[in-house]
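Colleague: Look at Swiss-Prot and you will find GLY918, GLU919, SER920, GLY921, ALA922, GLY923, LYS924, THR925 tagged as ATP binding site, backed by sequence analysis. The domain 'ABC transporter 1' annotation in Swiss-Prot covers 153-410, and the record cites sequence analysis as its basis. Marked as domain 'ABC transporter 2' by Swiss-Prot: 882-1125. Summarising the annotation, Swiss-Prot assigns phosphothreonine to THR491, THR1186 and lists experimental evidence as the type of evidence. As annotated by Swiss-Prot, region 'Disordered' applies to 1-100, 843-864.
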Amino acid sequence: MNQNSDTTHGQALGSTLNHTTEVTRISNSSDHFEDSSSNVDESLDSSNPSSNEKASHTNEEYRSKGNQSYVPSSSNEPSPESSSNSDSSSSDDSSVDRLAGDPFELGENFNLKHYLRAYKDSLQRDDIITRSSGVCMRDHSVYGVGSGYEFLKTFPDIFLQPYRAITEKQVVEKAILSHCHALANAGELVMVLGQPGSGCSTFLRSVTSDTVHYKRVEGTTHYDGIDKADMKKFFPGDLLYSGENDVHFPSLTTAETLDFAAKCRTPNNRPCNLTRQEYVSRERHLIATAFGLTHTFNTKVGNDFVRGVSGGERKRVTISEGFATRPTIACWDNSTRGLDSSTAFEFVNVLRTCANELKMTSFVTAYQASEKIYKLFDRICVLYAGRQIYYGPADKAKQYFLDMGFDCHPRETTPDFLTAISDPKARFPRKGFENRVPRTPDEFEQMWRNSSVYADLMAEMESYDKRWTETTPASSEAPEKDNFGSDISATTKHELYRQSAVAEKSKRVKDTSPYTVTFSQQLWYCLARSWERYINDPAYIGSMAFAFLFQSLIIGSIFYDMKLNTVDVFSRGGVLFFSILFCALQSLSEIANMFSQRPIIAKHRASALYHPAADVISSLIVDLPFRFINISVFSIVLYFLTNLKRTAGGFWTYFLFLFIGATCMSAFFRSLAGIMPNVESASALGGIGVLAIAIYTGYAIPNIDVGWWFRWIAYLDPLQFGFESLMINEFKARQFECSQLIPYGSGYDNYPVANKICPVTSAEPGTDYVDGSTYLYISFNYKTRQLWRNLAIIIGYYAFLVFVNIVASETLNFNDLKGEYLVFRRGHAPDAVKAAVNEGGKPLDLETGQDTQGGDVVKESPDNEEELNKEYEGIEKGHDIFSWRNLNYDIQIKGEHRRLLNGVQGFVVPGKLTALMGESGAGKTTLLNVLAQRVDTGVVTGDMLVNGRGLDSTFQRRTGYVQQQDVHIGESTVREALRFSAALRQPASVPLSEKYEYVESVIKLLEMESYAEAIIGTPGSGLNVEQRKRATIGVELAAKPALLLFLDEPTSGLDSQSAWSIVCFLRKLADAGQAILCTIHQPSAVLFDQFDRLLLLQKGGKTVYFGDIGEHSKTLLNYFESHGAVHCPDDGNPAEYILDVIGAGATATTNRDWHEVWNNSEERKAISAELDKINASFSNSEDKKTLSKEDRSTYAMPLWFQVKMVMTRNFQSYWREPSILMSKLALDIFAGLFIGFTFYNQGLGVQNIQNKLFAVFMATVLAVPLINGLQPKFIELRNVFEVREKPSNIYSWVAFVFSAIIVEIPFNLVFGTLFFLCWFYPIKFYKHIHHPGDKTGYAWLLYMFFQMYFSTFGQAVASACPNAQTASVVNSLLFTFVITFNGVLQPNSNLVGFWHWMHSLTPFTYLIEGLLSDLVHGLPVECKSHEMLTINPPSGQTCGEYMSAFLTNNTAAGNLLNPNATTSCSYCPYQTADQFLERFSMRYTHRWRNLGIFVGYVFFNIFAVLLLFYVFRVMKLRSTWLGKKITGTG
């Protein structure tokens, strides 16, 4: 038996699920765009038709054996159980035969059941203990806080919050789950059913004891006698909660994602002498084969923003990763979402197989589950508003509610029927039972507690408790080590369970540790994962490398070849300041990165894969080589271009402090992200930190000039110590030749150096050089002996910050779990909501805000059918027929030609509801996008016609498109969103009042009156899934689409009742005359009956069927059965049947080409003839419409009206998202005060004038975080425009750009003014200047234009960038570039000749010159004692006599303070601040010119926004259509 092999990787099928808890890994090798060729139909023990038999009697054979694991029979014979399950297909026989050969073969005939039995055989042979567990949860209640409703908080509410916190009644504690029970023996499957908000997710979390985020939890839970506290402490990896959302590192491939989970849970006691690497590889291939993912091994998992595997494949990656962690008890929260019915069945069937063979216990919530899936479960739990109304055998659940008095539709599936019980509008009592059935959750719960099924459950729980909590000593006869039979005692079970877990742990892992591998192994695995994440993201690596190289070349050329003289003394400080600041601040993006991966780390932490500290340390380590390379390139280029101290020691010291400074700041930003609860607060503190770091590094203002109230900040700034050491390294033991001695000019050439001085602070009289060490001490108070002391301090800061990050990662567990709640505008909420918010109200379910007493305070829709029918009569009735023929769609992927649609044809007519179906990846959404003219890449060929004529520019405006993703402006109310659509999409000839009246009709039709004034928001904070879907449909209906309504997966993610409600609504729309084409994923038989026609696609975008469905799908079923398909059972679901027939599913295949069957069928010929007839009838018709000018226009409304509507909506969006405005306001006020009091009350000394220069400079640098704050909102609005509004031609892109620019102006003026006041008056710019009112007004005016400048600059950058992250990088790069040439860091006179043009080109030259020259013009300079230059005159002359010629003939001469002295002449280099500004080429006389030029730059930016938006967002869309070949016949 292999005990060690502690190399790198892991084990098989999750040690086959904890040596009873892991199933399925990965194995395929084709690109994920291709059809999978692996056949896993027979890999699933219930995938054959006969397997339904086994499922129907819910595995009684297994349950009759209690917890006894399967004991394999001879490997050469099929087991009796196998025979009893009637798996009698020939393929099954061949699988059994193959068991005698290589049972671990993962070929095309792979059989999961046989694999697992062979695997258990090998465990027995190697004497490996396995473990399994059941669960008993008794009287469990979960409480949270919140009413389920909130009032919208606008910007002013931030200031009113303290008052309302006092006056408004505090929200009371609410019950999410109330006195629920759960019991599952090892190896059982439990389905949890209920409407959204019933508490299903909370129930699953409770089963896995994942309840730390709730307010309070009551009740007891144990796992075969192991207390939940002990289970979470010692065996947390045995409990899995797999959430609904797919949370992964998007840059990792599928194989890398699964490998990592398997490595971290690889047991030490592996069967068959497998090494860790062999184990991990086998696990990966096994899980992937079971879930049909092998072809995605080398494809990135991706996410909504990173292209990767498809949505259905990503869901399967989530499931596979869960299996790789080897849980004994797994809870799967709506894990079938996004999967087609066949793939969903395959997933649950794998759970069934693992339950049977490995005793893995699973709880599953699933929406729209099929009958076939339902039959695989042992127990059913039904929840109603947090109340448990049934928990018992699956085969008794339906009858329980039938006996209660409810009726079930003949073709309604059992899961749909059970879910409908909790919906008052969907449940139907039988005749005579109307007043006898329960109505409220309390009544249902009470009836359940009085039932015999409840009594049976209590008796079974009592027996379970007695069995697994007894303390009888273990039997003297040792039980089998690979099973926990029903005859063993609780003590023996617990000891064996502990032994099994301990045996899996690597050496040096404590027996009580929850982790499987050592910390060093965890660290190694995390290092490998971090490396893979970097390598798989070449765009990030490339952008960072480019940024470092670009900046080094720019700065190096600006400060090119500095001389060892006093002219470049100031410039050397500028180079060193920029070097360390730039390298350090490149880590600012770490904040966003840390928050993006926080949910992933939390998920892995819950599964005990690794210490979070291992990930913290690994990410810091992996970052080092990339930082080393980037800073190496930066240092080499910049150091030698600028001619810094050219010694080996000087260069390596420079490099060392840049590297350690950047590394320390990376740890600072990471630790900041680790201790903050959300990204907004971390980013705000990060922005403030950047400002403090930049100011207190020591270059902008020497620390000795900072007031005592802020001076301590410098000692918290690691870069201050780094900058000090860089300055010491550069200046120590060096003498800088004086470029010009004072006095100079005619008559002074013959005087010796002894009578002159260098005009530099710290210069000694009578010397022609400046000593570097003295300069540092006099100017900065730097002492050369502190160089290496500073290194130790920075390392100490780094160690402390890493420690903080590690402690935060291990101890802090931020509450990211929020219940769903509606948000209403104040004064517009229903009365019940006002009561719920202001008075505590009724107990509401925090998952959706439903009244836990059974009502729903937001459902007040009228039930008057007659009234609703009148509203349907107002729907625009269509008369046009949309048809397409021979439609092909080709794209290029990595240079390879792919055809996504292949010769598709069909038509949609008014009054008919047409379904578009197919498995995942068949091209449903692609076809919908092509038909709706919404694809922007590739080549489309074929005919798309309206009434036999080609499409015109009005097509998109006259159609509605309901996207699968509900894309909205989250801050709009439902009514506002519909009014916006109606106002801009209905013809201009229709009065606005009439448009709004129609909106009210649509709201009534969709039964949205009760939440019409609710904010759409985001999922969790706003409308729930069904409400958002209704709002999306409403937005399209409000436009009165005269031609066609497209809908993409309108029922995706909805429970069965919500899906039924949506489809019934579509049915009524079609009956009212609307033409509808709708894709649908998992329709039940009843749902499917609502459709008139079907277009069925198979992989490759090939048509399998198009035509009528027929009553009860008879026409459709007859077609397939007449062409050789097996007969569809009378109680079967036709939608599932046709998908099974054509081989849909992740692992399914078919031996027949149904596309070829269709092409050769009479039905296809009939459709072609029908298309010819339709087109001919319209082409021959004399009644051809002549569209008016209004009808022919691309947009329904004029540009001015578009701008008005979009601007109003954007302003509302800003006003209703107070976090954006508050962060902007807080940054302006805080930064203004911070800079103001840092440079507080500057006097008239030379250093004071320079400090004022940097005070102005820092005021302009503030634009960087402000731009970073406005770009995400701009991109958010732009994404809505691009995804939904632009394709529908709602309004012009010009309207979008102008509205985005205009809406920023009032906020910039108000907040900019507040910054100006907080910045201007503490520095006391107004002191000592003439006409302070005029100059203050000028400075304010120029700064207000600067507010407009940076906002339009940021919008221009955002227009060209795909996302906010990229925009932030580009923005920082460009902003740094333009701000570098303004003459502050390097005066224009010192610039290399090549760059002089850039000084004149950058707008910051005119901004800073305008502000500073205005604010210091005419100020007298009063040198302080250390700023005075001491000159010794020749013997016999007074200071005045000696200096008179110099002072008279030189306009730039300073001020001589003691003209009568004969020694030690005190000379101040400047008389006025204007002379100081001349050094930077700044003049007061340019101020109005500067204002005019800067205003010109503002208008240039506006033009740039328009141009870049057109080039990157509009022209791109249009240019791609040039590649399309779409023909028409009209």
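Glycine residues also receive a Cβ, built from the backbone N, Cα and C atoms like all the rest.
On a predicted model such as this, the values are computed, not experimentally measured, just so you know.
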Colleague: Show, in sequence order, which residues other than GLY918, GLU919, SER920, GLY921, ALA922, GLY923, LYS924, THR925 on the same chain lie with their Cβ within 8 Å of the centre of the Cβ atoms of the ATP site.
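Modeller: Result: THR926, LEU1097, LYS1099.
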Colleague: How many other Cβ atoms are found within 10 Å of the Cβ atom of GLY918 (ATP binding site), counting all protein chains shown?
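Modeller: Total other Cβ atoms inside 10 Å, all chains included: 26.
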Colleague: I need the most crowded of these recorded positions: THR491, SER920, THR925. Count other C-beta atoms within 10 angstroms of each C-beta and give me the top one.
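Modeller: Of THR491, SER920, THR925, the one with the most crowded Cβ is SER920.
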Colleague: Quick one: what's DSSP say for LYS924 (ATP binding site), helix, strand or coil?
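Modeller: Reduced to three states, the DSSP call for LYS924 (ATP binding site) is helix.
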Colleague: If you draw a 10 Å sphere around the Cβ of GLU919 (ATP binding site), how many other Cβ atoms fall inside it, taking every protein chain shown into account?
Modeller: 25
Colleague: How many Å lie between the Cα of GLY921 (ATP binding site) and the Cα of THR491 (phosphothreonine)?
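Modeller: That comes out at 52 Å between the alpha carbons.
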Colleague: Between LYS924 (ATP binding site) and THR491 (phosphothreonine), how many Å separate their Cα atoms?
Modeller: 56
Colleague: Taking the Cβ of GLY923 (ATP binding site) as the reference point, list residues of the same chain whose Cβ is under 8 angstroms away and which are at least six residues distant in sequence.
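Modeller: Result: TYR889, LEU900, LEU901, LEU1097, LYS1099, GLY1100, GLY1101.
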Colleague: Around GLY921 (ATP binding site), how many other CB atoms lie within 10 A of its CB?
Modeller: 26
Colleague: Please work out the mean pLDDT for the residues of the domain 'ABC transporter 1' (153-410).
Modeller: 90
Colleague: Could you tell me which three-state DSSP class GLY918 (ATP binding site) falls into?
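Modeller: In three-state terms, GLY918 (ATP binding site) counts as strand.
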Colleague: To the nearest whole angstrom, what is the C-alpha distance linking SER920 (ATP binding site) and THR491 (phosphothreonine)?
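Modeller: Here the two Cα atoms are 49 Å apart.
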Colleague: Should THR491 (phosphothreonine) be counted as helix, strand, or coil on the basis of DSSP?
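Modeller: DSSP assigns THR491 (phosphothreonine) to helix.
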